[in-house]
């Protein structure tokens, strides 16, 4: 059996740019890509916490340390500057690998300040 698992997640980053006329993609600070283990040109899903829209694109690197999250091309219709989004990538693996897998998660606050990283999603409690 093959499973699709969360590979990396940028939790609650703020969109800093939305450029309808740029050639597609989402530009992400290279430090953020590294923290989540997301590669340039990798497929990503973006879930807009602010407006509820969900869309797919691919990651490109923005300048390291810039804190840039730039939603580009047609996807710019799905996010505005200031929106809070979650960016995720996924990986496929065997059932055996999946049972040992730990994702790369980075948590953000304020103006894209990375507060911490983790290798698991916390258990939700009642």
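Cβ atoms are placed via backbone N, Cα and C, with glycine included.
The active site, schiff-base intermediate with substrate annotation in Swiss-Prot covers 25. In the structure as shown, the Cβ atom of residue 25 (active site, schiff-base intermediate with substrate) sits within 10 Å of 19 other Cβ atoms.
Residue environment of residue 58 (active site, proton donor) contains 16 other Cβ atoms, counted within 10 Å of its Cβ in all protein chains. What Swiss-Prot lists as active site, proton donor is 58.
If you take the C-beta of residue 75 (substrate binding site) and look for same-chain residues 6 or more apart in sequence within under 8 angstroms, you find 24, 25, 26, 46, 55, 57. Per Swiss-Prot, substrate binding site is recorded for 57, 73, 74, 75.
What Swiss-Prot lists as pyruvic acid (Ser) is 25.
For the pair residue 58 (active site, proton donor) and residue 73 (substrate binding site), the Cα-Cα distance reads 11 Å. Shown in sequence order, 24, 25, 26, 55, 71, 72, 76, 77, 78 are the same-chain residues outside 57, 73, 74, 75 whose Cβ sits within 8 Å of the Cβ centre of the substrate site. Between the two most distant C-alpha atoms of the annotated substrate binders (57, 73, 74, 75) there are 10 Å. Under DSSP, residue 74 (substrate binding site) is assigned to a helix (H, G or I) in the three-state scheme.
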